[in-house]
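Chemist: Pasting a structure here, questions to come.
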Amino acid sequence: MFPQEEKLIRERLGREPNDVERAMLEVMWSEHVSYKSSRKWLKLLPTKNEHVVLGPGEDAGIIKFDDKTWIVIGIESHNHPSAVEPYGGAATGVGGIVRDILCMGARPIALLDPIRFGPLEKEKNRYLFEYVVKGISDYGNRIGVPTVGGETEFDESLDNYTLVNVACVGIMKPEHLVHSYVTEPGLKLIIVGNRTGRDGIHGVTFASEELSENAEEEDRSAVQIPDPFTEKLLIEATLEAVYTGKVRALKDLGGGGLTCAASEMVGKRGFGAIIYADKVLLREPGMTPLEVMISESQERMLFAVRPEDVEELARIFEKYELEWSVVGEVIEEPKFIVYWKGSKVAELPIDLLTEVPTIEWPMKEYKIEEEVGIPRISLQEAFEKVWRSPNIVAKRWIWEQYDHEVQGRTVVKPGFDSAVLKINEEYGIAITADGNPNHCYLNPYHGAMGLVAEVVRNLVSVGAKPLALVDNLNFASPERPEVYWSFAETVKGLADAAKAFNLAYVSGNVSFYNEIVDKPIKPTPVVAGVGKVKLSKIPKGPNKGDVVTLVGETKRELGGSELYRVLGIRKGIAPRVNLEVERKNAESILRLINASLVSFVHDLSRGGLLVALAEVAALFNVGMEVTIKTDMNPVEFAFSESHGRYLVVLPERKLEEAREITDLKVIGRIIGSNSFSVKINDEVLLWNLDKLKDVYWNTLYRLMD
């Protein structure tokens, strides 16, 4: 807390808070819990459309899939913990977002993991990468929730640090909805799951400040300990309890522990709570009430239940061999009172915990965009560098550690523009996640707009109609004027783009203070999207003889591109989005797919056209012959990251009909031979298909050996 906040608290209370109260207030007034620096700006985001059942404000958002099925989605970051202890930090990040989905009354069915690291040439970055992936893999596999997609990026600005964002999707019936807040007094508050220990104490305050050079030693105790086996039992027990209709409210004990879960649960509708902290089951001897109230031990849920229903639910918990205890009750008076062995150890007005004043930090606009000349490099040399980039090559080294088919719903697997999960015999959902800190660093507003556009392109490329979005905003300290300005610009860009597509943000997360030893990260918003797809219409893949076509205009837009990154060029102008064109092209692609006119569609984004072509060849083991005439420099045309573009592969006999829907420029053909050949004006790129595939599929393995 800042000195002026402490002064405000003393004035409200008319006294100094005691140690327990101070610890609880520090948790609730932390940036991580209160969103005090971001709340004002987040109000700009659209949160309603015809698909939204429940927008931001609870643990996850809910979208209507059909009359019998709702989709639940949320996203969280676990950046600081993963930078300090990558295995435990990443694993508990998975556990936390899964419980957020669970406490709405939904079964978690899939995970996405947008993760970012420093360059793999450094041993520390390889260590963070290896153990973050292992943490996500072990936890997800053991609880039986598949990790079906995400994205992985390596950038110099993240040296010795990591950004670990995890999104989770769940499925539920409308009648099973449980809210995270109570609507009546007299309810009993029950903690179910793991015993409470000293792990994760001050976790949210540690996540609300920059990391020091010695963070690995100093902050390890703030990282929670993962226990996926208990989580698996907790999922089944919680759902069985929810299906009885006897659960009045439900919260995950995550950041801020019991203090946060209980105060938010009762405070939303103006109720209060009495907590008997000595009734909490402990894992370690000698714990104090302060430690009990702010511990962030994992795999714990807080149930609000009428007194007459406690016994019935307890039988369910015991059936799954989960420990439980009644730790408090909901009261009419808006106070949060804590007892320890008969003595009152804390008493605070509930709104002092839950209604934290906003902060508006000073802002300073920065302008770093400037025109950069076209690099003097051949098409062959440029492709050699970009195609070998860890940001471009296949992430199979990661997927192979994940069980992405558990639960049997996965229709389109990792490695494509979106993953697709079967919901019923006819329809499924497509899910995807995207970030682009290089574009957002050059221009936060246009970079953020481009991000939403890319999510839409990824969804429609598999035939899905976009329904809703969630956002995870990773930034450095808001106390830096340039950072706070870039945050506000990012939110404006996310809002304007979503409105253009009539999309709403149903949930989200803000993670500030992502910097280590005074080195701030680039603005890194991540957007995940969900869409509805008819399973029979998903494009299956290219066939020999198909024509390769391009939809959308390629412009002179290399700023923030992967080509510039591998060449060490940090300047440039970020690509601009024409929202009208983007929307029109997305609608056209959906029409092409629904009319069964195409074999395959791939969005153009990182790496540009040449990378998209090579990805199709490598993914499907097909030869390709491409010839392009342009008034642009061949390297610029090949690696521009202009928005609004798609590769569309289709049988030649369907070309005429497809052109009635949209303008398709034929640039090449799928061939039977073992070659990947691209000619742009007079420059020729020729690769053997086996070599192309070897680089794509095996580079990450070689880097991690």
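Glycine too: its Cβ is placed from the backbone N, Cα and C atoms.
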Chemist: Among Y35, Y87, which residue does Swiss-Prot annotate as binding ATP at the site that also has D471, G508?
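Modeler: Record source Swiss-Prot; matching candidate: Y35.
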Chemist: Q298 (substrate binding site) to D100 (Mg(2+) 2 binding site): how many Å between their Cα atoms?
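Modeler: Per the Cα atoms, Q298 (substrate binding site) and D100 (Mg(2+) 2 binding site) stand 12 Å apart.
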Chemist: Can you tell me which binding-site residues out of Y35, S77, N79, R99, G508, N509 are within 10 A of D252 (Mg(2+) 2 binding site) by Cα, answering none if there aren't any?
Modeler: R99
Chemist: Over all shown protein chains, what is the count of other CB atoms within 10 A of the CB belonging to Q298 (substrate binding site)?
Modeler: 28
Chemist: These are the active-site residues: H32, H78. Which one scores highest on other Cβ atoms within 10 Å?
Modeler: H78
Chemist: Rounded to whole angstrom, what's the largest C-alpha distance between any two of Y35, D471, G508, listed as binding ATP?
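Modeler: In whole numbers, the farthest two Cα atoms are 14 Å apart.
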Chemist: I'd like to confirm something. Which of the recorded positions, S77, H78, N79, E296, N509, has a Cα closest to the Cα of Y35 (ATP binding site)?
Modeler: N509
Chemist: I'd like the Cβ neighbour count for N509 (Mg(2+) 1 binding site), meaning other Cβ atoms within 10 Å of its Cβ, all protein chains included.
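Modeler: Excluding its own Cβ, N509 (Mg(2+) 1 binding site) sees 23 Cβ atoms within 10 Å.
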Chemist: Could you tell me the C-alpha distance between N79 (substrate binding site) and N509 (Mg(2+) 1 binding site) in angstrom, no decimals?
Modeler: 12
Chemist: Can you name the recorded positions among E76, H78, D100, E296, D471, N509 whose CA is within 10 A of the CA of H32 (active site)?
Modeler: N509
